[in-house]
């Protein structure tokens with residue numbers, strides 16, 4: 001272990017493997033046999049991104065003999081170092097320099113408090129319950145002429161998977177644009193006056209903090225699992241709808257572990273309660289669960305590759321328009337379509353619950369940039385471009401959704 005007890009990824013490699021017609025069972029077996037972590041699970045006709053420890057490189061390369069693959073990260077530890085050290089954030093200085101660096105969890109909290117203090121007529125700090133380790137899930141409530149709480153709601157959840165650091169920065173960038181440009185930009189003023197925004201940049205607080213202090217590649221929450229030494233549940237396989245199906249794991253050691261029962265994690269209980277309260281009091285016009293990476297703009301369903309929601313045509317039209325708006329900013333092409341067909345099958349996922357149980361009007365999940373050059377380990381220079389293109393896509397939704 002290196003200094004400060006952090007997990008070292010020095011010498012780890014990340015491989016991108018094309019998945020041909022009959023490759024899925026072989027790759028799944030290989031991943032299980034060597035106990036490998038995946039950045040992207042095997043899916044026929046796509047790629048699988050597989051993280052390999054130095055001790056497993058020989059076995060992996062022997063198993064891949066005669067098969068094509070490329071190296072995404074030659075040395076994952078070096079790529080993590082390239083993310084750079086966190087810039088110190090001075091309390092009270094909520095300005096654009098914040099987006100030049102990734103930040104500690106405490107800095108994220110302080111930035112939200114500073115935005116609420118500086119723009120108190122349009123912003124409040126709000127909470128959405130507590131985590132398994134007792135941390136508060138904190139976000140921003142952004143509102144216009146209503147004074148807050150009177151208009152249909154837009155709810156954004158981010159960083160449900162701890163290692164997806166660019167998500168929190170991107171949601172904070174979107175928040176910053178809505179807040180700071182409200183007085184001067186007529187298009188932004190119109191949407192902020194029309195909706196109440198509840199933006200939670202980091203909903204898996206325990207996992208996020210652990211990814212910063214101990215294990216940069218941590219994904220799940222930090223809950224203990226009875227009868228197992230393996231820690232954590234994937235909160236995005238634990239929602240109490242279509243739980244325990246294909247696209248989730250029954251193994252506590254898996255990164256897609258579904259949990260002991262539907263909706264049993266403290267975090268998912270908090271998300272469900274908070275969303276239901278907002279829905280009952282003002283309705284939810286838009287719910288988005290934000291992730292990285294892959295450049296996807298997706299709609300329900302995750303649990304089924306054959307079923308679509310009743311408003312599927314409207315959702316596909318919005319996803320297509322938002323993807324085009326994103327591409328106009330920096331040329332990044334986002335694929336759009338239902339989760340199951342576009343990326344992979346997901347059981348117990350947020351969007352299916354939000355669509356069928358919560359009955360939010362418009363439901364999406366987004367995988368931010370990029371498509372694999374950096375993956376989860378994006379350098380700070382990616383933050384502002386991600387924020388800019390994501391804001392353009394979000395504005396398209398705000399202005400066009402029914």
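Each Cβ is built from the backbone N, Cα and C atoms, and glycine gets one as well.
What TrEMBL records for 101-401 is domain 'Peptidase M14'. Model confidence over the domain 'Peptidase M14' (101-401) stands at 98, taken as the mean pLDDT rounded to a whole number.
Outside the region 'Disordered' (228-247), and at least 6 residues removed from its termini, the chain residues within Cβ reach (under 8 Å) are 160-161, 203-204, 207, 218-222, 253-260, 262-265, 267-268, 271-272, 289, 301-304, 340, 344-350, 352-353, 356-357. Annotated region 'Disordered' per TrEMBL: 228-247, in sequence order.
Look at TrEMBL and you will find 228-238 tagged as compositional bias 'Polar residues'.
According to TrEMBL, the feature active site, proton donor/acceptor maps to 367. Within the same chain, residues at least 6 positions away in sequence whose Cβ sits under 8 Å from that of residue 367 (active site, proton donor/acceptor) are 291, 292, 293, 294, 295, 296, 298, 343. Secondary structure from DSSP puts residue 367 (active site, proton donor/acceptor) in a beta strand.
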